[in-house]
Amino acid sequence: MAVIGALPKEVAEAVSASRLLVVGAGGIGCELLKNLVLTGFTNLDVIDLDTIDVSNLNRQFLFQKKHVGRSKAQVAKESVLQFCPDASITAYHDSIMNPDYNVEFFKQFTMAMNALDNNAARNHVNRMCLAAGIPLIESGTAGYLGQVSVIKKGVTECYECQPKPTQKTFPGCTIRNTPSEPIHCIVWAKYLFNQLFGEEDADQEVAPDIADPEAAWDPTKAAERANASNVDGDIKRVSTKQWAKSTGYDPIKLFNKLFRDDIKYLLTMDRLWRKRKPPIPLEWASLHNKENCSEIQNESSLLGLKDQKVLNVASYAQLFSKSVETLREQLREKGDGAELVWDKDDVPAMDFVTAAANLRMHIFSMNMKSKFDVKSMAGNIIPAIATTNAVISGLIVLEGLKILSGNTEQCRTVFLNKQPNPRKKLLVPCSLDPPNPSCYVCAIKPEVTVKLNVHKVTVQMLQDKILKEKFAMVAPDVQIEDGKGTILISSEAGETDANNHRKISEFGIRNSSQLQADDFLQDYTLMMNILHSDEMEKDVDFEVVGDVPEKGPQKPPEESVKNITNGSDDGAQPSTSKAQDQDDVLIVDSDEESPSSSNADVGMESASLKRKLPDEEAVSSTKRKRIEPPVEEDDDIIALD
């Protein structure tokens, strides 16, 4: 190997003797595997849950058209062995969050290198490397931007030392009643897809929100309208899916309900339109009269790239009808009770969302978007740049060589910019920060305070929204610190399922209660202090108090770096990654890697999930004996739906 021959003898020996774990075999992963074997690393393990898609072939050079549909990790191994047959590579087509890959598994490796595309997996690998005591090199790209950083237990910040920007969400009443931006209509259209063809979610309702406080002159009327009963003369409410089924998914009836009747109903909430331009209902018949029919555009007749053309309203109405018919047939083929899953690469599903979103944009007087733009926003996409991946993968190897040579103090967080900074540098290195003493992951005794309403939060919400989603646990076990060792949540299948729909107050949890949450897979324990509040904001289930930890003085970066947000164009640009970070939605390639960790000087965030990860199986470990929860007083508990 030419490269290893140029290294100092001690470093070359360390390279030959090391065993590396590469997590991810996508854009960065392909480049990284090539760089590693050409540098002299021959003992590698690579893991990736994904399979090869046609859209990967323009930049993930280890894959060819004949490989589409196969495991990325396995094909990457085969391709690398063709030009480096002496390498020993083990490939895993699996999720790194599988309990099989426990702390002992991670301890086999000299170091781990992340080439991931989602925050949940990054959090998990961060914790596993901390537990195993091995260095981790984190990386990410987003378009022309990139970042590499080193994480070492007790020496540097971990991936979670600095809080990541929270997911961008929109109030339900904005989505349902008063959209003001194209993204609001696109989110509504995705919700509509699930309400009609997929898994129904009460939080994704698309019908006008009659409980919108802004729509009522008297604030008390909002609650009254929301709770109106059939006796009061209200029409009996049925779900959107039930209604659609009753019509046989008739495209014209669906169109008139969604874009005419619901809009007319919104207009009756006249207070909403005092300072807004009112929506204009659409009528199927008027769009398809003789005059408008002549204006319907045939996509095949459009010049240029058809997905980048904006059609007229009549054409989007026609596209809506055709996509509904296609999706209806897909449901019928799957049988009774079947559900469809929205995928940006599924043509009928993408056509449906494009048509529905644009029709709603037109109704609310917004400029309509091309299918390409809708797909970018709905699928959280930033075009991936192969050169960026190549540069970042090279930097990963350089940082790895510093670690193997024993010069961890020389490691840097390096940002790749879109344009040179004032010092004409594209690559900007910054000193690594020490561990954050307030970090709820790598602190000696991780502890956090969570503000919530104990009479509204259920055990299921505690497990899914707080422990798994917010604190990135995989298989949490929760014990109430009540002197009895009451087990509230167990990762053993079925052991505490009966608790799921009960409010946590029913277990004696109140203000100042303490919960100990353990994830035995991650070798991670978090002490949670409960701060009860009866006055949580609307649509806010909980709040982490002091989520932004105080940091001590920082070392000045070796090069100044401007703080960047999506869409800025002020020179240096190291950052973007979460599709939720700004009002016009920061778009990230859901198929690609994105900048991974935040920094005081540079806003680098993590990418969106590529897919819903499978539920992990229960973790085998020694568990405390479950003690039945107290069934005592339900003192003044108010059960709220």
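Placed from the backbone N, Cα and C atoms, the Cβ positions cover glycine too.
Annotation comment: Swiss-Prot describes Cys173 as active site, glycyl thioester intermediate, evidence class sequence analysis. The ATP binding site annotation in Swiss-Prot covers 24-29, Asp48, 56-59, Lys72, 95-96, 117-122. The Zn(2+) binding site feature in Swiss-Prot is assigned to Cys158, Cys161, Cys439, Cys442; the stated evidence is similarity to another entry. Taken from Swiss-Prot, the feature compositional bias 'Basic and acidic residues' covers 548-561. Annotation comment: Swiss-Prot describes 562-579 as compositional bias 'Polar residues'. Residues or ranges marked as compositional bias 'Acidic residues' in Swiss-Prot: 582-594, 630-641. According to Swiss-Prot, the region 'Disordered' annotation covers 546-641.
When the alpha carbons of Cys439 (Zn(2+) binding site) and the residue listed as 'active site, glycyl thioester intermediate' are compared, the span between them is 35 angstrom. Ala121 (ATP binding site) and Cys442 (Zn(2+) binding site) are 17 Å apart (CA-CA, integer value). A distance of 29 Å separates the Cα atom of Asn118 (ATP binding site) from that of Cys173 (active site, glycyl thioester intermediate). Fewest other C-beta atoms within 10 Å: among the binding-site residues Asn58, Ser95, Asn118, that description fits Asn58. The local packing around Cys442 (Zn(2+) binding site), expressed as other Cβ atoms within 10 Å of its Cβ over all shown chains, amounts to 22. Non-local contacts of Asp48 (ATP binding site) by the CB criterion (under 8 A, 6+ apart in sequence, same chain) comprise Val23, Gly24, Ala25, Gly26, Gly29, Ser71, Lys72, Ala73, Ala76, Tyr92, His93.
The number of other Cβ atoms within 10 Å of the Cβ belonging to Ala121 (ATP binding site), over all protein chains shown, comes to 23.
When the recorded positions Cys158, Cys161, Cys173 are ranked by how far their Cα is from the Cα of Gly27 (ATP binding site), Cys158 comes first.
The Cβ of Cys173 (active site, glycyl thioester intermediate) has 19 neighbouring Cβ atoms from other residues within 10 Å, across all protein chains displayed. Cys158 (Zn(2+) binding site) counts 24 other C-beta atoms within 10 Å of its own C-beta, drawing on all protein chains shown. Sorted by the number of other CB atoms within 10 A, the binding-site residues Cys161, Cys439 start with Cys439, the lowest. Cα of Cys161 (Zn(2+) binding site) to Cα of Ser95 (ATP binding site): a distance of 24 Å. A Cα-Cα distance of 41 Å separates the residue listed as 'active site, glycyl thioester intermediate' from Asn58 (ATP binding site). Distance from the CA of Asn58 (ATP binding site) to the CA of Cys158 (Zn(2+) binding site) is 33 Å. Residue density at Gly24 (ATP binding site): 29 other Cβ atoms are found within 10 A of its Cβ, drawing on all protein chains shown.
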